[in-house]
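A.B. asks: Take a look at this one; I'll ask things after.
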């Protein structure tokens, strides 16, 4: 809406308000629909004709748009009437929230979308994306090396296997939030559970259901005792990490061991299952040996950086982490340094064994990832390590985690 001297708005109250014309500014609060701040010179409006400032009698001024006919949520609007010598201008500012008309079907669809969005946020999207990319790239590499073994049923089995792995991932993320509610009210008050967007009962359902479904899928796929054991190990690791009386997360060493078991188990199980599905025997290829070593050392950075944004809550509830002991800045420098050493080792590997890897891809990709890490660490330092910036930095480490598996496809 643009305020002007002529308006077709219908008014819910008396449209004429008596305003004293003196040397004082007058603020009249009203309601209006959305408009950016506008300044209307009253000399161009028939409703605010200029008068001599010596005239101190009350004039009747027609204020427009007190109650406009619009489908919107109404927000306060301020009118400021200036004195005549200053041009009798009116400054209006307004904010609204759209409220479009919704049919029953549209409203139900919106509710479903909102629920799915909250569920997706609850299972920590950055970890889920990392697991999906990891699984896809490990399986994709085997297909690239053995294209003659491709078949549609094989892809279907691979998708079911990925869903099983995601089940353990969702369980680990969910069980941690359920038992960290008090801490998260301080560290992450915007999470779906502590913010009240989902109930505790719903959280338990979203946590246990994926784990059970994943276990059923593992059995249905006839994955064998090894993969079934690895799945159970992932569930066990997520449990002892978060659930009392274990709460391994309260000690930085045991927390690292849990995270290492989860990531190492994921890496090995997907590779083993991929080769088994293709009818190939398990073998430690140079590329898989490299990605296993790289991800193992990268887990050090993930484990040390995961609590950067949680320092305040962890200290209050007596949770000892590397971040609470050493501080956000020192942990960032430590984690960044370890990961940079990892990239240097990757570049050195490409130089030392040029026949085992595609050296050009190894060199260029890891150099780019290393410089991007340095840039993000500098950006974090400039923010003085605020919780929001620390959270973004940790999620960026997960992006680097995923990027390494993409590189693995082509080395």
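Note: Cβ is positioned from N, Cα and C throughout, glycine not excepted.
Straight from Swiss-Prot, here's the annotation block:
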- 1-91: transit peptide (TRANSIT)
- 159-179: transmembrane segment (TRANSMEM)
- 198-218: transmembrane segment (TRANSMEM)
- 226-246: transmembrane segment (TRANSMEM)
- 253-273: transmembrane segment (TRANSMEM)
- 278-298: transmembrane segment (TRANSMEM)
- 333-353: transmembrane segment (TRANSMEM)
- 356-376: transmembrane segment (TRANSMEM)
- 391-411: transmembrane segment (TRANSMEM)
A.B. asks: Taking the transmembrane segment (333-353) as the reference, which of 198-218, 226-246, 253-273, 278-298, 391-411 gives the largest number of Cβ pairs under 8 angstroms?
C.D. replies: 278-298
A.B. asks: Counting only pairs 6 or more apart in sequence, are there at least 3 Cβ pairs under 8 Å between the transmembrane segment (391-411) and the transmembrane segment (278-298)?
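C.D. replies: These two segments touch.
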A.B. asks: Six or more residues beyond either end and a Cβ under 8 Å away: which residues meet both conditions relative to the transmembrane segment (226-246)?
C.D. replies: 164-165, 168, 171-172, 175-176, 178-180, 211, 214-215, 218-219, 255, 258-259, 261-262, 265-266, 268-269, 272-273
A.B. asks: State the non-local partners of the transmembrane segment (356-376) in its own chain: residues 6+ outside its ends, Cβ under 8 Å from one of its Cβ atoms.
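C.D. replies: Here the qualifying positions are 286-287, 290, 336, 339-340, 343-344, 346-347, 349-350, 393, 396, 400, 403-404, 407, 410-411.
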